[in-house]
Amino acid sequence: MAARLLLLGILLLLLPLPVPAPCHTAARSECKRSHKFVPGAWLAGEGVDVTSLRRSGSFPVDTQRFLRPDGTCTLCENALQEGTLQRLPLALTNWRAQGSGCQRHVTRAKVSSTEAVARDAARSIRNDWKVGLDVTPKPTSNVHVSVAGSHSQAANFAAQKTHQDQYSFSTDTVECRFYSFHVVHTPPLHPDFKRALGDLPHHFNASTQPAYLRLISNYGTHFIRAVELGGRISALTALRTCELALEGLTDNEVEDCLTVEAQVNIGIHGSISAEAKACEEKKKKHKMTASFHQTYRERHSEVVGGHHTSINDLLFGIQAGPEQYSAWVNSLPGSPGLVDYTLEPLHVLLDSQDPRREALRRALSQYLTDRARWRDCSRPCPPGRQKSPRDPCQCVCHGSAVTTQDCCPRQRGLAQLEVTFIQAWGLWGDWFTATDAYVKLFFGGQELRTSTVWDNNNPIWSVRLDFGDVLLATGGPLRLQVWDQDSGRDDDLLGTCDQAPKSGSHEVRCNLNHGHLKFRYHARCLPHLGGGTCLDYVPQMLLGEPPGNRSGAVW
């Protein structure tokens, strides 16, 4: 028995000591002292529009009151600020100062569509924000619908880009977490919000809709229930897929090197030396005179939390570097931002017996449905493309010698070349009969031939002779030779016409040795190419409704 007690005592000594709760109830005298609120206390209980992810700046929940009726309050010891005692508002509970802080690591996410950017922007929402609402925008199996984050700055940036050209998107992110807490089950409402609710009609219909929309405009659609506070740096880079293909690069290669450069700017060197060296080799190979983030600089950057007013991009900005990053990290415990959070719709703050609760629920549901954005995936792909088996909203190509699976040309100068009409007149090939004429056509190592027009000095060939995909600038002249057919081995060449082809439709006239020639040809640059010889990069703009439409914009 004694041995058992001794063993139990040893085991108890080996157990970790209980961590003291950081918060305690303080007496009236201690509460009257000049204590600050816990950092970021005002962030919980604030209104948010879930479609734009914009904080409204208005507060449905009152986070200013901290004294109980008996004069006591809750004070919390902030280990991240030298154990300073700080006030916890009555509306908040379960406050914790987390020790995880910042990891010096850049995470990357690759997306290929605007709705994927919207989903990525809304990933900070850690719960199902739709609970209790009826959000049913344009229900159909061939439509991709986005609501949360659909009007966020990142989604608007991506939508604008995808209407300008073919893009892929890459997000580099650094996150830090320092504090967590949440709003109590039945929080005190802010006096202004109470007054706004009091002004609402008891029912929601077409005539009362403006009053409810006014409330949503001021307060948002949801309030923040629980938070994780700290900081986040995110850089969303837009990459022109086909321009990269013409430069002999893939979006994955560029994204890898962007992440490497971001890691260097936050002070990571040793563990990525091999990757950094590989990126330097790529720069030399492709004759790049600037860094990857300077070369590919179509970017939307956001910094959440901390002091950063002079630097808006801490990963790729001109002034970005380890010192600036460390200064930002050091400012986060005193000035944290919203990293992750849960949301609840505003109507749950009203009493279940209040008729305005159901009216507000219906107003929120209607507003969110109207704000949804979608992409119609039932539209057919352009000629030469097909639906992706992985994503019915994406059109892809069969990879070939001249195009990638992303439907991008593999090199500059590519065009489709065809001769569409040939006419000759005044030919003289035989002494005693009219000419038996045919035409040979040459370009880029190819030879095509017309049929023979018998016994005619003024023949016409209304045919299409297609050279297919050619290199317009380097394929040599487009050469037409007019021949008089005899026995086949001693045919007579009546003349040659050479023309350096240019993009577009053209008519050419030539004088032959024995007659005259006229022909028409058409050279069409492959998509994303332009200029006289198709050497220029040309963005491919999307047809259809541009982004930014308030109600149901199509992506």
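A Cβ is built for glycine as well, from the same backbone N, Cα and C atoms used for every other residue.
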Record Swiss-Prot, residue CYS395, disulfide partner from CYS377, CYS381, CYS407, CYS408: CYS381
Of the candidates CYS73, CYS76, CYS102, the one sharing a disulfide with CYS23 in Swiss-Prot: CYS76
Swiss-Prot annotation, disulfide partner of CYS408 among CYS242, CYS257, CYS279: CYS242
Range among 87-107, 129-149, 339-359 that Swiss-Prot annotates as transmembrane segment: 129-149
Per Swiss-Prot, ASP430, ASP484, ASP486 bind Ca(2+) 3; matching candidate in ASP436, ASP498: ASP436
Positions whose Cβ lies under 8 angstroms from the transmembrane segment (257-279), at least six residues beyond its ends: 104-106, 108, 170, 172, 174, 235, 237, 291-293, 296, 314-316, 320-322, 325-326
Between ASP486 (Ca(2+) 1 binding site) and ASP436 (Ca(2+) 3 binding site), the C-alpha gap once rounded to whole angstrom: 8
Cβ-Cβ distance under 8 Å to GLY429 (Ca(2+) 1 binding site), same chain, at least six residues away: THR435, ASP436, ALA437, ASN457, ASP484, ASP492, LEU494, HIS514
Fewest other C-beta atoms within 10 angstroms, as judged across ASP430, ASP484, ASP486, ASP491, ASP492, which are the binding-site residues: ASP486
Mean of pLDDT values spanning the domain 'MACPF' (27-375): 92
Integer Cα-Cα distance in angstrom, ASP490 (Ca(2+) 4 binding site) to THR433 (Ca(2+) 2 binding site): 16
Cβ-based isolation winner (fewest other Cβ atoms within 10 Å) among the binding-site residues ALA434, ASP436: ALA434
